[in-house]
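Data first, discussion second: the structure below is written as structure tokens.
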Amino acid sequence: MDSFLRLLIHGASGRMGQSLLRLASEDPSFQVTAAVVGNAPHRHVSDGVPFFAAAELAAVPAFDVAIDFSLPQGFSSLLALCVARAVPLVSGTTGLDSRQHEALVMAGARIPLVWGSNFSVGMAVLVNLVERAGDALSGWDCDIVESHHVHKQDAPSGSALTLGEAVACKGIAPRYTSLRAGDIIGDHLVQFTGLGERIELVHRASNRDVFARGALSVARRVVGRVPGCYRVRDLM
């Protein structure tokens, strides 16, 4: 039995994909057997990693787990491949539509599956803190402000929506503000405001590696699990 996990990285040309490629290559518990990019003219090998165009996804070699940070239009094909091959999937692709989220739930009946808007340890802690604050601050206003780089398309961010769900389940309706500026990696502020006082909970990411490390950690832990839809914090 191999001492490493064979890893497929889907969305390897993106910012997160590049971080995953670099960190996985430095981690002896992984071997990248395929990197899938949307704009590759044909399959090729770079630094020992086989690259495949998105159109060639069905031809990728065997893998033990897939990590996906891509775009919604490429997500469904990867999900179908993982189900067909009975392989776990870890995905951080945001902006999915309702049908894709339904497909995620259905796939969770057949494979171990983790979808998360944010894979940092700090964000997992923030979600927990926000839930606890929601329990204690019924009747307070809640505002969620998220800031990202100018190239991020979806708004509010997936992480902001996750934070909003954490308070919405406590009966608090959050308001969202989205900022797109410069090269901000990701800032999230959750503000609870009452009469004469307010509480602010903040998470700031200064490096994408925190998300990539978290995704790799989750990928290690999801292999061998029974089928199901797991949360990031379930495996942190």
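Positions of Cβ are set from backbone N, Cα and C atoms, glycine also.
Annotated features, as they stand in Swiss-Prot:
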- HIS148: active site, proton donor/acceptor (ACT_SITE)
- LYS152: active site, proton donor (ACT_SITE)
- GLY11, ALA12, SER13, GLY14, ARG15, MET16, GLY92, THR93, THR94, GLY116, SER117, ASN118, PHE119: NAD(+) binding site (BINDING)
- HIS149, GLY158, SER159: (S)-2,3,4,5-tetrahydrodipicolinate binding site (BINDING)
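Sequence-distant neighbours of GLY92 (NAD(+) binding site): residues of the same chain at least 6 apart with a C-beta under 8 Å from its C-beta are MET16, ILE67, ASP68, PHE69, TRP115, GLY116, SER117, ASN118, PHE119, GLY158, PHE211, ALA215.
Taking only the Cα positions, the spacing between HIS149 ((S)-2,3,4,5-tetrahydrodipicolinate binding site) and GLY11 (NAD(+) binding site) is 18 angstrom. The Cβ of LYS152 (active site, proton donor) has ARG180 as same-chain neighbours under 8 Å, each 6 or more residues away in sequence.
Counting other Cβ atoms within 10 Å of each Cβ, the lowest count among the recorded positions ARG15, HIS148, HIS149 belongs to HIS149. For SER159 ((S)-2,3,4,5-tetrahydrodipicolinate binding site), the same-chain residues lying six or more positions away in sequence with a CB closer than 8 A to its CB are SER117, ASN118, MET123, GLU146, GLY186, HIS188. The Cβ of GLY158 has fewer other Cβ atoms within 10 Å than any other of the binding-site residues GLY11, GLY158. Of the listed binding-site residues, namely SER13, THR94, SER117, the sparsest CB environment within 10 A is found at SER13. In this structure the C-alpha atoms belonging to GLY11 (NAD(+) binding site) and HIS148 (active site, proton donor/acceptor) are separated by 19 Å. Using a 10 Å radius centred on the Cβ of PHE119 (NAD(+) binding site) and all shown protein chains, the other Cβ atoms total 27.
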